[in-house]
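Chemist: The structure is given below, and queries will be raised subsequently.
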Amino acid sequence: MRRRPAQLTATKLADEEVPELTLVPDGVSRWTGADLDALRNAARRGGAEAAQQDLERKLCRTIDILGARSQQAQEINTVLTSVARLRENSTFRLYLLTQNHRGVGILKVGVKKLFVTHPVTCGLVEVDPLCVLDFYVDESCQRQGYGKTLYSHMLKAEHVSRPEVLAIDRPSNKLLGFLRKHYGLAAYTPQVNNFVVFHSFFDHTTVSERGKLLRAPSPARALPFSSSTNATAAIGGAKAKNWAPG
């Protein structure tokens, strides 16, 4: 059987209606591949409640649909966010915004090693920042403050006090405008890897002899987190999940 092109499959998925997540309170929740695995294992365990099985299926579908819509909105060839991709990299975190028990926005972050051009020395330096890897709010829900709610929650949950220390992967003009409007971030040097790091990213830093960027200790960097807390909560049921930042 001839396989459908991936682009057509993603387009069809983007056109699906986002399912209702009746057990998920409105607000922002954080999910990792480990959380989704724990939820799946709990749903498949003997004696699992039908509601738990329904939650696992609909939550995963929500993530895949919003990821496909993000791809479509950005007009790129690759889906950046999906359940499969979250399971492939256990360090990535997905923040899901729900309103009226339906997913309306996603924000995926993770630490990556990058080589970027320093705006002062013009030389390449090695950095390992927390990166914004995908950010999308459904078109029907834009200009209602949901994007700011989602981004602010992520900053607090990741213990980021200075938004400029994040690196942004291939930001759209709309996202650059969002960052300029809400966080005053504008000046940056174009990078060959298509990540955007703002000039203020380099404030309070030095460069080691080996070319690694060293940042003065501050609460601006994301602190280590444990996915087991979310996984345990997922097994216990959606209502037991820690919905507060951090």
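Cβ atoms are placed via backbone N, Cα and C, with glycine included.
Pasting the relevant annotations from Swiss-Prot:
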DOMAIN    21-202  domain 'N-acetyltransferase'
SITE      GLN74  site 'Crucial for catalytic activity'
BINDING   135-148, 172-181  acetyl-CoA binding site
Chemist: Quick one: mean pLDDT on the domain 'N-acetyltransferase' (21-202)?
Modeler: 94
Chemist: With Cβ-Cβ distance below 8 Å and at least 6 positions apart along the chain, what are the contacts of GLY147 (acetyl-CoA binding site)? List them in sequence order.
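Modeler: The answer is GLY105, PHE135, VAL137, PHE178.
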Chemist: Calculate the distance in Å between the alpha carbons (Cα) of CYS141 (acetyl-CoA binding site) and GLN74 (site 'Crucial for catalytic activity'), and round it to a whole number.
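Modeler: Given the Cα positions, CYS141 (acetyl-CoA binding site) is 16 Å from GLN74 (site 'Crucial for catalytic activity').
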Chemist: Among GLN74, GLN144, ASN173, the recorded positions in question, whose Cβ has the most other Cβ atoms within 10 Å in this structure?
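Modeler: Per the Cβ count within 10 Å, the most buried is GLN74.
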Chemist: Between LEU176 (acetyl-CoA binding site) and GLN74 (site 'Crucial for catalytic activity'), what is the CA-CA distance rounded to a whole number of Å?
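Modeler: If we compare the Cα positions of LEU176 (acetyl-CoA binding site) and GLN74 (site 'Crucial for catalytic activity'), the gap is 13 Å.
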Chemist: Counting Cβ atoms within 10 Å of each candidate's own Cβ, which of the binding-site residues CYS141, LEU176, LEU179 comes out highest?
Modeler: LEU179
Chemist: How big is the Cα-to-Cα gap, in Å, between GLN144 (acetyl-CoA binding site) and GLN74 (site 'Crucial for catalytic activity')?
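Modeler: That separation, Cα to Cα, works out to 20 Å.
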Chemist: What is the number of other Cβ atoms found within 10 Å of the Cβ of PHE135 (acetyl-CoA binding site)?
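Modeler: Its Cβ has 27 other Cβ atoms within 10 Å.
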Chemist: Which residues does ASP138 (acetyl-CoA binding site) neighbour through Cβ under 8 Å, counting only same-chain ones at least six apart?
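Modeler: Spatial neighbours, sequence-distant, of ASP138 (acetyl-CoA binding site): VAL18, LEU66, ARG69, VAL104, GLY105.
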